[in-house]
Amino acid sequence: MDSSNSTKETGDIPIPVTSSKSSKAAPPPVVAAKAKSTTKQPLVSGWKRGLGIIDFILRICAIAAALAAATAMGTTSQQLPFFTQFFQFKADYNDLPAFTFFVIANAMAGAYLVLSLPFSILCIVRPHILGARLMLLVFDTVAVPLVTAAASAAASIVYLAHNGNSDANWVAICRQFNDFCQRVSGAVVASFITALLFVVLVAVSAVALRQK
């Protein structure tokens, strides 16, 4: 009777010691994993934001180069001070289809770069956004062959203007049209710089999409 009364009064219930230790020892790895993930997240965001800033600066430089190339070529014209009754010696960019294509291609590239600036800023503000970054990657990749083709076609004409072709009896005209050749040569150089900047932009977007 005494033993049963003492058991009811105290209400002692045996608790297994091993289960309490295992339940208390489980949480620390979970806490450590959460701390590791939260530490990694700001680091990745910082890298992506830095790549976004580089992307924005490169686009500003590419805009300047593309518009400079299109403007220099589109305003190129030279007329020699001497002419005859039947002939007028004048060189104009639209006399050659390659130069016309050059102006159109670089103007399109410059317009696209201007329109892409808001999306580049969006990638800086929201570094983990994928849609805008993927869209920029696709259009930048399309712009690379467009600008490269225009610059290469114009470069071949500039080479003939400087050196001529004896097999085809094409004479070099840059001795007479010196100003014309200097302007178109500068435009071609600016266009190749634009193409190079587009290649770098594609690489930056690819790295930003790959970084996790």
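Using N, Cα and C of the backbone, Cβ positions are placed for all residues, glycine too.
Since we're looking at a predicted model, the values are computed, not measured.
Swiss-Prot annotations:
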type	residues	note
TOPO_DOM	1-49	topological domain 'Cytoplasmic'
REGION	1-28	region 'Disordered'
COMPBIAS	16-28	compositional bias 'Low complexity'
TRANSMEM	50-70	transmembrane segment
TOPO_DOM	71-100	topological domain 'Extracellular'
TRANSMEM	101-121	transmembrane segment
TOPO_DOM	122-133	topological domain 'Cytoplasmic'
TRANSMEM	134-154	transmembrane segment
TOPO_DOM	155-186	topological domain 'Extracellular'
TRANSMEM	187-207	transmembrane segment
TOPO_DOM	208-212	topological domain 'Cytoplasmic'
Query - Counts by DSSP class (helix H/G/I, strand E/B, coil) across the topological domain 'Extracellular' (155-186) - result: 18 helix, 2 strand, 12 coil
Query - Contact set, same chain, for the transmembrane segment (187-207): CB under 8 Å, 6 or more residues outside the stretch - result: 51, 54-55, 58-59, 61-62, 65-66, 68-70, 72-73, 76, 102, 106, 109, 133-134, 136-137, 140-141, 143-144, 147-148, 150-151, 154-155, 158
Query raised in the report: What is the pLDDT of the topological domain 'Extracellular' (71-100) when averaged and given as a whole number?
Result: 73
